[in-house]
Structures are given as C-alpha cells and as structure tokens.
Amino acid sequence: MNNVKELSMTELQTITGGARSYGNGVYCNNKKCWVNRGEATQSIIGGMISGWASGLAGM
C-alpha cells in the first residue's frame with residue numbers, strides 16, 4: 001500500500017458506505033433504504049424454486 005492519497009473533507013463526504021444488506025436486495029444506511037432490483041429478483045426466484053422443490057420432495 002505505497003500509493004495512498006489522503007482524502008479531503010469534501011471527498012470524504014461523497015463516499016457512501018456503511019450500508020446494511022438484508023440479503024434480499026434491500027440495503028439501508030442511516031439516511032435511506034434502497035433496493036438492488038437485480039439482487040431482489042434473484043432472491044425472489046430462488047425462493048420460489050426452493051419452495052417448489054421442497055413441495056415436490058414432500059410428495
């Protein structure tokens with residue numbers, strides 16, 4: 001890590017981080033929540049397939 005740049009206060013304020021992921025495409029930080037639609041869609045489809053497969057296994 002020899003190539004390091006010290007960030008100014010203005011540059012630091014533009015960084016958004018510390019968001020919490022709920023594992024289904026929903027993220028929240030201390031100001032707002034948002035949805036990653038691709039991740040949410042994948043989570044929903046995965047849940048549907050899992051439910052369908054477990055239903056077949058119970059037959």
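Every residue gets a Cβ built from N, Cα and C, even glycine.
The disulfide bond annotation in Swiss-Prot covers Cys28-Cys33 and is backed by similarity to another entry. According to DSSP, Cys33 (disulfide bond) is assigned to a strand segment. Of all Cβ atoms in the shown protein chains, 11 besides its own fall within 10 Å of the Cβ of Cys33 (disulfide bond).
Under a cutoff of 8 A between CB atoms, and with a sequence separation of 6+ in the same chain, the neighbours of Cys28 (disulfide bond) are Ala19, Arg20, Tyr22, Trp34.
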